[in-house]
Amino acid sequence: MQTIRGFRDILPEQIALWQKVEQEAAALFESFGYREIRIPIVEKTALFARSIGETTDIVEKEMYTFEDRTGDMLTLRPEATASICRAYIQHKMYAAEPVRKFYLTGPMFRRERPQKGRYRQFYQIDAEVFGVESPYIDSELIFLLHTLLRRLGLEGLSAHINSLGCPVCRPDFQKALLDFLGERKDNLCENCKRRLVKNPLRILDCKVETCRQALEGSPATVDHLCPDCRTHFETVKTSLEKLGVDFMIDDTLVRGLDYYTRTAWEVQTTTLGAQSAVAGGGRYDRLVEELGGPSTPAIGFAIGFDRLVEVMEQLDTQVCEKGPDLFIVSLGADAQAYAFEWSCRLNTMGIRTDSDFRGKSMKALMKRANKVNAAFVLIIGDNELAQKKLVLRNMATKEQTEIGLDNLVNDLAQLIKN
Ligand code: ATP
Ligand code: MG
């Protein structure tokens with residue numbers, strides 16, 4: 001049996017970077033007042049279709065959708081924002097305290113063509129804020145993302161920022177875009193010809209080369225913003241500049257989901273070839289209301305965890321993996337019984353202790369102690385037990401200390417802690 005295409009195992013040998021990222025992210029988010037939220041992996045299909053948009057790539061061709069035994073249509077979540085909105089509304093979180101800041105880490109599912117940096121089960125780290133319309137929250141999120149990536153030592157990244165406007169100015173932009181594309185209709189791919197009628201903004205996100213060419217010189221959303229959207233975007237820009245966050249205005253950036261309004265951004269890397277987006281986010285001020293909640297401004301971003309780890313691997317990021325404080329080498333049945341008891345006791349006293357009950361030779365067990373990178377090794381055999389004296393070996397200095405059997409656990413704890 002093998003994993004299915006686009007799905008993969010992340011093995012203990014690879015996990016150090018994942019854990020480092022998770023710890024850094026959680027610490028940073030928590031310090032800014034974000035709280036972790038955990039939500040189901042499966043939701044009703046309608047939730048994603050209605051929020052992400054019927055004519056987006058995700059909904060049209062990438063979702064893992066299936067019929068439950070009762071006939072309900074269910075989908076493995078392709079992203080987290082829609083589900084977090086659902087939770088915010090379902091639990092009436094807005095009633096107790098409308099301003100909520102969440103973060104989440106977990107798997108997402110999209111049936112795309114698998115390649116390096118693109119999987120069918122991939123992981124995202126999300127941060128979302130509900131209930132704040134102020135542009136400072138846009139800047140806070142962009143700053144958080146920037147700070148996290150810097151703390152992780154990432155280089156060669158660029159942040160692209162745009163404003164997509166709101167329902168007030170969007171129609172004006174859409175008209176300008178349609179006027180522009182009218183003459184270039186024949187050069188668009190079949191998909192975009194359909195989008196022209198159904199969802200013209202999506203054309204801006206099309207990856208087909210002929211469409212990219214047809215779009216050259218197309219109108220920019222930022223030139224069609226209403227005064228409120230313009231002021232909002234100005235504050236985002238100036239507040240980020242003040243903090244020294246590097247970004248560039250990218251007036252072609254629209255992102256692949258329909259729910260975005262106003263600020264949208266993406267962080268790109270040059271180190272992963274075509275899969276260049278490491279993170280993306282944006283405002284979605286209409287979504288909570290569209291999903292049946294009260295009118296609530298909201299904004300968030302998602303980091304592509306797999307890609308982030310791949311960039312860190314390329315940069316040869318080292319995470320020091322600590323072995324156990326103590327490895328107990330036990331030779332013989334009696335020794336194993338002691339090894340078991342002491343390793344349990346020491347672990348509860350804060351000494352990270354591992355042992356091996358296979359009944360292997362001294363040589364094999366010492367090899368294992370080396371492999372797991374133990375700081376100390378305790379050797380117990382029949383002789384040692386008979387003489388009531390055990391040897392503790394410091395693996396770094398090779399120094400050996402004799403310890404009496406009486407009060408062994410406490411003596412060990414003292415020696416190792418020093
Ligand atoms: P892309 O343009 O690369 O398809 P996207 O715009 O579809 O990305 P989002 O929906 O914004 O991606 O998700 C946020 C992040 O999740 C992306 O920036 C990317 O790093 C990551 N991501 C998206 N799809 C995949 C995937 N299939 N495999 C691995 N990571 C992914
Ligand atoms: Mg995509």
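Cβ atoms here come from the backbone N, Cα and C positions, even for glycine.
Straight from TrEMBL, the features:
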BINDING   Glu79, Ala80, Thr81, Arg110, Gln124, Glu128, Arg255, Tyr259, Tyr260  L-histidine binding site
DOMAIN    1-324  domain 'Aminoacyl-transfer RNA synthetases class-II family profile'
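Annotated features, which come from TrEMBL, shown on the structure.
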{"residue": "Glu79", "record": "L-histidine binding site", "DSSP (3 states)": "coil"}
{"residue": "Gln124", "record": "L-histidine binding site", "DSSP (3 states)": "strand"}
{"residue": "Arg255", "record": "L-histidine binding site", "DSSP (3 states)": "coil"}
{"residue": "Tyr260", "record": "L-histidine binding site", "DSSP (3 states)": "coil"}
Would you mind ranking the binding-site residues Thr81, Gln124 by how many other Cβ atoms sit within 10 Å of each Cβ and giving me the lowest? Gln124
So Tyr260 (L-histidine binding site), by the Cβ count within 10 Å over all chains shown, scores 27
Pairwise CA distances across Glu79, Ala80, Thr81, Arg110, Gln124, Glu128, Arg255, Tyr259, Tyr260 (listed as binding L-histidine) top out, in Å, at 21
Listed in sequence order, the residues of the same chain lying six or more positions from Glu79 (L-histidine binding site) whose CB sits under 8 Å from its CB are Phe48, Ile52, Ile58, Met108, Gln124, Leu257, Ala302
Report the same-chain neighbours of Arg255 (L-histidine binding site): residues 6+ apart in sequence with Cβ closer than 8 Å to its Cβ, ordered by sequence. Asp205, Ala264, Glu266, Gly280, Gly282
